[in-house]
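Annotated features, as they stand in TrEMBL:
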- 125-211: domain 'GHMP kinase N-terminal' (DOMAIN)
- 294-347: domain 'GHMP kinase C-terminal' (DOMAIN)
Amino acid sequence: MEVRARAPGKIILAGEHAVVHGSTAVSAAIDLYTYVSLRFPTPHDNDDALKLQLKDVDLEFSWPVGKLKEVLPELGIKSASSPSSCSLETTKAIASLVEELNLVDAKLGLASGISAFLWLYTSIHGEKPAKVVVTSELPLGSGLGSSAALCVALSAALLSLSDSLKLDFGHQGWQTFGDSELDLVNKWAFEGEKMIHGRPSGIDNTVSTFGNMIKFRSGELTHIKTNMPLKMLVTNTKVGRNTSALVAGVSERAARHGSAMASVFKAVDSISNEVVAIIQSPVSDDLAITEKEEKLGELMEMNQGLLQCMGVSHGTIEAVIKTTLKYKLATKLTGAGGGGCVLTLLPTRIGGRGMEISFSGFSS
Ligand SMILES: Nc1ncnc2c1ncn2[C@@H]1O[C@H](COP(=O)(O)OP(=O)(O)OP(=O)(O)O)[C@@H](O)[C@H]1O
Ligand SMILES: C[C@@](O)(CCO)CC(=O)[O-]
Ligand SMILES: [Mg+2]
């Protein structure tokens, strides 16, 4: 039996980082996906290992089930239907398994993703042998939510074949997830994100699970409905960075300058709420669209200024901002910053092919 699941990446229109500290943020799923396939060997295959193939980075790993049983202290006591956080003891055990893989320095960033995989897999399926294959259309570690898409697609695939959930494969082998199953996928994915990000707000896994456009604040999701055409150009600076370190850096700055940073986070909250109000208000004519685009562009510039204030911009991001400004276009970083991807609002007056925000959740 093989199951395949996919989950989309995302852009953040407003509110990244501040959302970790309780502010509102706005995010939309994009039509670039991470795909996970899960297959259990038949007795005939005579295979007694858990295998993970990461196609994007050309790596493959294998753990004999005996090794998993020997090293992981809480195997077999987890329930797929009640997501839980990884204990300190299990975190250490998983770290030792990952250390033994001897990843080269250039691939050390993958350790957190592999740890999330081991945690999610063994929590939901224990030490059952399987082969899991991951491929992605998203650039890894670039602000488009590759870590969340991985955790959501993985959780969806794992839960699809979980005995305790007993999901039906309906019409032509497609599974439909209802709200409670989506909620479960999202909760497990959040646990995976915690292994990768340290202190995620949950916005990335939530938009990847539910799709479309969302407003997110303190773990609360609100779906956004809009008929405003919105085109964003996504530019990848190709400067590698790590979300977990950037999030930690902002928290350290907040600890050093509590009152000033609280004001920054509050300003971001107002910006995000204004973005939502503009996007949701009905569009009457072209003039109204142009007016809204101008306001959105200004809010993106204000948000970028505050992100710079948080210390998460980068020379390459500033270079894209300077270039697009020559054409009177507004640009801000998206995701954790420090390099990665930036968004430029393409007003309808320009036309052209931006990356249109698509309306797609994960499917399996
Ligand atoms: N397809 C994949 N194959 C292997 N590992 C992956 C894959 N997708 C994500 N990862 C893991 O996620 C890490 C990147 O996560 P990180 O949160 O730093 O960036 P991001 O999610 O792309 O950006 P952001 O969090 O800003 O949206 C990688 O280093 C790796 O550990
Ligand atoms: C930087 C951050 O705000 C968004 C990353 O896409 C982190 C998070 O919210 O988990
Ligand atoms: Mg991430």
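A Cβ is built for glycine as well, from the same backbone N, Cα and C atoms used for every other residue.
Across the domain 'GHMP kinase C-terminal' (294-347), DSSP assigns 28 helix, 9 strand, 17 coil.
Applying DSSP to the domain 'GHMP kinase N-terminal' (125-211) sorts its residues as follows: 46 helix, 7 strand, 34 coil. Across the domain 'GHMP kinase N-terminal' (125-211), mean pLDDT in this model comes to 92.
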